[in-house]
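Engineer: Grabbed the feature section from Swiss-Prot, which reads as follows:
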- 1-54: transit peptide (TRANSIT)
- 56-123: region 'Disordered' (REGION)
- 58-71: compositional bias 'Gly residues' (COMPBIAS)
- Ser291, Asn340, Glu386, Asn393, Tyr419, Tyr471, Val489: substrate binding site (BINDING)
- Lys316: N6-acetyllysine (MOD_RES)
- 590-619: repeat 'ANK 1' (REPEAT)
- 624-653: repeat 'ANK 2' (REPEAT)
- 652-674: region 'Disordered' (REGION)
- Ser657: phosphoserine (MOD_RES)
- 658-674: compositional bias 'Basic and acidic residues' (COMPBIAS)
Amino acid sequence: MMRLRGSAMLRELLLRPPAAVGGVLRRTQPLGTLCRRPRGGSRPAAGLVAAARLHPWWGGGGRAKGPGSGGLSSSPSEILQELGKGGTPPQQQQQQQQQPGASPPAAPGPKDSPGETDAFGNSEGKEMVAAGDNKVKQGLLPSLEDLLFYTIAEGQEKIPVHKFITALKSTGLRTSDPRLKECMDMLRLTLQTTSDGVMLDKDLFKKCVQSNIVLLTQAFRRKFVIPDFMSFTSHIDELYESAKKQSGGKVADYIPQLAKFSPDLWGVSVCTVDGQRHSIGDTKVPFCLQSCVKPLKYAIAVNDLGTEYVHRYVGKEPSGLRFNKLFLNEDDKPHNPMVNAGAIVVTSLIKQGVNNAEKFDYVMQFLNKMAGNEYVGFSNATFQSERESGDRNFAIGYYLKEKKCFPEGTDMVGILDFYFQLCSIEVTCESASVMAATLANGGFCPITGERVLSPEAVRNTLSLMHSCGMYDFSGQFAFHVGLPAKSGVAGGILLVVPNVMGMMCWSPPLDKMGNSVKGIHFCHDLVSLCNFHNYDNLRHFAKKLDPRREGGDQRVKSVINLLFAAYTGDVSALRRFALSAMDMEQRDYDSRTALHVAAAEGHVEVVKFLLEACKVNPFPKDRWNNTPMDEALHFGHHDVFKILQEYQVQYTPQGDSDDGKENQTVHKNLDGLL
């Protein structure tokens, strides 16, 4: 693959419009030539605004919904509060860098040495860099910052800061995202130093976003894993409200501190692998991880010691027994790391040979990295309470010691103390959702980009969560929900949708299996609505949403494929579309159907197939009130005209009720084909 050199080359490649499916509608004119700015004026050319707003490169996702739809107040003080008070302003950073004795920054070297070539042995990459630089300087090719400005400004010369922040939030990013620190610092500085503090012109806007332009461009192009994040969060909110009505269950009371939580607490937080965030309910209330820490410490152990070493001491099979049973497998090992016996043994493997204080600090630092440095705390009251009421766990510990399940030289009582400490680590729904997203993202924290866990550790952890993570309910959960998850007696459910997102659902009332009643209901409803189940077919799924797809793009591709097949006379392609239950009467932006196109081109076989096999309506009118018969007559295709004329006599219109319209399409297509 050719090496890309310099930002100008990246801009050149990104700004090239994509070719349509099958080679149709391929644009030969670069986007930049359509977007030139008129001389002698400060307002952007209409072409540039239209291109920035409508061009498929942006995906239509840059429009802000305005301050009235969840946006911010336009007052500078409230905007400053929204942007946060953390971080070092750019001016202070410069002063710190210019302290006496500090070495000056190295001068940038040349981009390419003369005569340097790419992987194919030519200098195409260097020429593209030069061409891109020249086009940007001449104004022929708008920069990414320009396109982003015009996308949000929608024809205005200045952007209100609150409008930019509202548009940013609609993509799922937060102003507190560490990846946007430079942008937020510059916005804070701009609001403090400019007279027109709540408005950004193009130059100020470019200055603010240029440090994070790649992430912002990706967000506004709707290139995140969930493109239409606002629609997805509305579904999450509906599922939350539905689960909130569940009133069963009982708050765990065998650990006194847990019994103090209100049964009405209920929160859900989502974090995708791209760092899109959404929270609803009591998501900032700290609670203890309890058993939800078991997969996390297992992942740490495998990351540090490897799979083979860890599983010398613990098995991989579901036990089929209660999580706190005194029972081992036929090899005298705990069945898996998700039951108490297995978790105690895994605890003994972490940082062997050091004292408990250092071990605890090590695990806390690890969990902080997984949570993207969001809240991870410790409840000493819960720790003391659990230690005082931990007779069953002490019994398990002595049984494990008798069976020589620990590494040689292990202090069993000290390990149980460490075990109780880890169960008493506190999180919120928001920080735990980032931990789950780190597992979903292959071990990379989505909001810091830091590698935390090895792929091996993540894979093994998710496998065990899938088979053993929900106590005695694990088999049913794997059957109905089909996703890796781990529950805890504090009421949390750590849910992972691999390669998509992580979630934390928290509600203290538990069912008889020890799982959160509201959390289980939410997970069931989520998989019923979206095709997240591990065995949902992504190509031929039933009536389920796929948040990973962008609905508009799929409809556009469907229409293009259908009309292009009719244009080229490809009956075999049309047969495939009909068998896949595609609507053979769908229209383009001119209200033209496949029958219009086939009649205009004179494709007799296509017309016969659409009429006889698919039983499409022969009377559709386009925006000029032309029917397929008018098209055939206009272009002199008399054989097609005759077929349409004969079919119109025997055609019987069918009802268009919404209920069963899709089934009607399927049966109509199948009956005709058979």
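Our numbering is plain: 1 for the first residue shown, then up by one each step along the chain.
Cβ coordinates come from backbone N, Cα and C, glycine included.
Model, not experiment: these values are computed from the prediction.
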Engineer: So how many of the residues in the repeat 'ANK 2' (624-653) end up helix, strand or coil by DSSP?
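Structural biologist: DSSP composition of the repeat 'ANK 2' (624-653): 20 helix, 0 strand, 10 coil.
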Engineer: What does DSSP call Val489 (substrate binding site) in the simple three-state scheme?
Structural biologist: coil
Engineer: Mind tallying the repeat 'ANK 1' (590-619) by DSSP state, helix then strand then coil?
Structural biologist: 18 helix, 0 strand, 12 coil
Engineer: Using DSSP with the three-state reduction, classify Tyr419 (substrate binding site) as helix, strand or coil.
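Structural biologist: Helix, per DSSP.
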Engineer: Could you tell me the maximum Cα-Cα distance in Å between the residues recorded as binding substrate, namely Ser291, Asn340, Glu386, Asn393, Tyr419, Tyr471, Val489, rounded to a whole number?
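Structural biologist: Binding-site diameter by Cα atoms for substrate: 19 Å.
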Engineer: Neighbour count first, Cβ atoms within 10 Å, every protein chain included; then name which of Glu386, Asn393, Tyr419, Val489 tops the list of binding-site residues.
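Structural biologist: Of the binding-site residues Glu386, Asn393, Tyr419, Val489, the most buried by Cβ count within 10 Å is Tyr419.
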Engineer: Just to verify a number: CA distance, Lys316 (N6-acetyllysine) to Tyr471 (substrate binding site), in angstrom, no decimals.
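Structural biologist: Rounded to a whole number, the Cα-Cα distance is 14 Å.
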Engineer: Looking only at DSSP and grouping its letters into three states, which state does Asn340 (substrate binding site) belong to?
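Structural biologist: Helix, per DSSP.
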